[in-house]
Amino acid sequence: MSASAVGQGRNVVVIGTQWGDEGKGKIVDWLTDHAKGVVRFQGGHNAGHTLIIGGKKTILRLIPSGIMRESTVCYIGNGVVLSPEALFREIEELESAGLQVQNRLRISEAATLILPYHVAIDKAREARRGAAKIGTTGRGIGPAYEDKVARRALRVQDLFDPKHFAERLRENVEFHNFMLTQYLGAEAVDYQQILDESLAFAPRLKPMVADVSAELYAVNAAGNNLMFEGAQGTLLDVDHGTYPFVTSSNCVAGAAAAGAGVGPGRLNYILGITKAYCTRVGAGPFPSELYDNDNPARQDAVGVRLANVGKEFGSVTGRPRRTGWLDAAALKRSVQINGVSGLCMTKLDVLDGLETIKLCVGYELDGKRVDILPRGSDAVAACVPVYEEFPGWNESTFGVKTWDALPEAARVYLKRIEEVVGIPIDMVSTGPDRDETILLRHPYQVA
């Protein structure tokens, strides 16, 4: 719905504060009641947002989560890398379920296209790395961003000039085929096939293409609220994450301005989503890790329990997630980088029944105490976590809707997290459905 206040609407950015998979999709869906539009501003179809609505599970990879609400307009900003094939596959899935999508989806003409050679390079590189692989989803996200930075990328708007598109595509195919065949030892891609398939998408895309930046400004100026939906998480950010074990885009709150074409002064509130514990998919350092399905040395019983009770499997890849205790020192880093206004704690109910709960509040690194996640993967890998222990609770927190109804031990745990990171917890998610939520401060109403 529209903002009730006269004048410019309020804007909320929802970002993950960990390594992704924090439960952003449910919270975005919950907040959509208060927003006219929902905006994706980075990433591609490598991130799956899982929604449970009326007991039905829906996984969105590219289209903003607001599409589940009939009155909401969804935007894909210029910072997104767009696979037309993946887009229309997702549209068809949603429309087959009875949702109207294409008349409510607006796509930036400046969004970078993911084309088949990006996917081929992504997969060939991972195969060549062998045991040293980064853990990419193999969907062409990284290579597409590489082309964007190198200024050779093809964008959505290029599809509508077939001659220009064909010329640019030929140059790109020649370049990438050299990499595929001469360096990666993979098969070449076919220029004509890519050209024909790409141009076939043009008339289907065109009705949805817009000057997203200008539309967002106009919608906001008319007094309507907007929400900016981040993908992945801060610790996977290409600049601020555990590099090189990161994604290929900026997934911090600041990227919402550049990736959607809005002024940073228009971002009123930053909501940081964090689980009550930590998970990570793929390779990379993880100081508070307890369980890794692929590592026999990481089979702690509590970690296994977190994975099973929390159903920790990637929504896009299906890969088992690594699990560990909540790392408040890493969370503090994310809070500072993003300028987080308030936190939303998700999956608190997964901790129900644990006798003891540990919270990482810092590290021992090179003989010194460190209270915030250091920069660089080597330093993070060398960190020995420093824990505080809390008594668990036997009462169920599942579906609890008020703060006072939480077990006292759970409230003590959450309050300590607030103290360590220095900002309030404004929301607590106690189950997958949108109404299984404790609201302490409303992101659209915080002064």
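Positions of Cβ are set from backbone N, Cα and C atoms, glycine also.
According to Swiss-Prot, the features are:
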{"type": "ACT_SITE", "residues": "Asp21", "note": "active site, proton acceptor"}
{"type": "ACT_SITE", "residues": "His49", "note": "active site, proton donor"}
{"type": "BINDING", "residues": "20-26, 48-50, Arg321, 347-349, 429-431", "note": "GTP binding site"}
{"type": "BINDING", "residues": "Asp21, Glu22, Gly23, Lys24, Asn46, Ala47, Gly48, His49, Thr137, Arg151, Gln232, Thr247, Arg319", "note": "IMP binding site"}
{"type": "BINDING", "residues": "Asp21, Gly48", "note": "Mg(2+) binding site"}
{"type": "BINDING", "residues": "Ser315, Val316, Thr317, Gly318, Arg319, Pro320, Arg321", "note": "substrate binding site"}
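Annotated features, which come from Swiss-Prot, shown on the structure.
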residue : record                       : DSSP class
Asp21   : active site, proton acceptor : coil
Lys26   : GTP binding site             : helix
Asn46   : IMP binding site             : coil
Thr137  : IMP binding site             : coil
Arg319  : IMP binding site             : coil
Thr430  : GTP binding site             : coil
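Neighbours of Gly20 (GTP binding site), defined as other CB atoms within 10 A of its CB across all chains, total 27. Measuring Cα to Cα from Arg321 (substrate binding site), the recorded positions that fall within 10 Å are Asp21, out of Asp21, Asn46, Gly48, Gln232, Leu348, Thr430. Taking Lys26 (GTP binding site) as the reference point, none of the binding-site residues Thr137, Gln232, Gly318, Arg319, Pro320 has a C-alpha atom within 10 Å of its C-alpha.
Annotated pair Arg319 (IMP binding site) and Asp21 (active site, proton acceptor), C-alpha to C-alpha distance, rounded: 12 Å. Using a 10 Å Cα-Cα cut-off from Gly48 (IMP binding site), the recorded positions that qualify among Asp21, Pro320, Leu348, Thr430 are Asp21.
The binding-site residues near Asp21 (active site, proton acceptor), taking a 10 angstroms Cα-Cα threshold over the set Asn46, Thr137, Gln232, Gly318, Pro320, Leu348, are Gln232.
Ranked by how many other Cβ atoms sit within 10 Å of their Cβ, the binding-site residues Gly23, Gly48, Gly318, Pro320 place Gly318 at the bottom. In terms of local Cβ density within 10 Å, Asn46 ranks first among the binding-site residues Asn46, Thr137, Thr430.
Recorded residues Asn46 (IMP binding site) and Gly20 (GTP binding site) have their alpha carbons 11 Å apart, per Cα-Cα distance. Considering only the binding-site residues Thr137, Gln232, Gly318, Pro320, Gly23 (GTP binding site) has Gln232 as its nearest partner by CA-CA distance.
Taking each of the recorded positions Asp21, Lys26, Arg321, Leu348 in turn and counting other Cβ atoms within 10 Å of its Cβ gives the largest count for Asp21.
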